[in-house]
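**Student:** Reproduced below are the annotations present in TrEMBL:
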DOMAIN    160-221  domain 'CD80-like immunoglobulin C2-set'
TRANSMEM  244-265  transmembrane segment
Amino acid sequence: MASHCNRQYFLNPRLSLQLLALVGTLTWHILVTAESATSIQLRGEVGGNVTFSCPTAKQKLRFLYFQRGEIFVNGYYESKTALEIAELAWKNTIMDHDKTTMHMYNLNVSHHGEYQCHFQYIGSSATHKQIIHLNLTANYSKPAPTVHCSDENHRFSCLVTCASHDGYPVNKVTWNVPGSQIWTVLNSSEMNDPKTMMVNSSSTAYFNCSNGNTSISCSVGNVSSDVFSVCIPIGPPPVPHSPVIEAICAVVGITITMLVLLLWWRCKKGQRGAAAVDFRRVNGCEEEATVHNESNEGKEAS
């Protein structure tokens, strides 16, 4: 955090005399201050950069510096070296060569807020003050919905949760639901991450599904989820696969196949035996007939 950095530099014994002298001089000059009637609004994104510009006339400056609350950020002072000022300045800032512009890098949520620009021209004892508001934003992640439906007590209903993360500033989840659907928001929460101070936003809604299947979406800020369906009727549960049942079925199938093959083989064997007997009988008759004819021919010849 920026304030932590400044405390560190104030407590450095090597710099204490120089810093106290600088802070004392600056404090004395702002006792009599002419404040600008209008404030400057700056916008930036977390993780990005922003430029502070303090409007001044085309006159030589005795000093110009930016501060937040009572904490010095960065600036220019004609009687101080750049090194002396850099020791006290925020490390994510740098002054431009025109002495009226400050660049701030690697923005995080802690940089959000009000700043002041104090400046004085050479030859004048009046100190001028310009208020600058830095407003930071961070886009939330695409909302992710989860749907849980049940038909307990023969009442089909669904609970739908929509969650989005790492956005800034705080934004609530909004639901985009057709007017024909009966539903209600059960709870909503917006929680800051303790380290980054970014916001996680979520909401849970109840749908009684009395009007059947419907398509809805949810959004956080300017980021919306895909359209999805709720209250889809629950079909019969799928038959569970059991290894034991599958093994039994396989054994029964193999056994039946073997029995069929065995019966077929025995039947085939019986058919071949019957055909062999008939063949022998036929041959026997032919042989007997042949013998009989030959004996008859012998008798006729004699």
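Placement of Cβ uses the backbone N, Cα and C atoms for every residue, glycine included.
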**Student:** In this predicted model, what is the average pLDDT of the domain 'CD80-like immunoglobulin C2-set' (160-221)?
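**Tutor:** Reported value for the domain 'CD80-like immunoglobulin C2-set' (160-221) is a mean pLDDT of 95.
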**Student:** Give me the DSSP three-state residue breakdown of the domain 'CD80-like immunoglobulin C2-set' (160-221), ordered helix, strand, coil.
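**Tutor:** Summed over the domain 'CD80-like immunoglobulin C2-set' (160-221), the classes give 0 helix, 39 strand, 23 coil.
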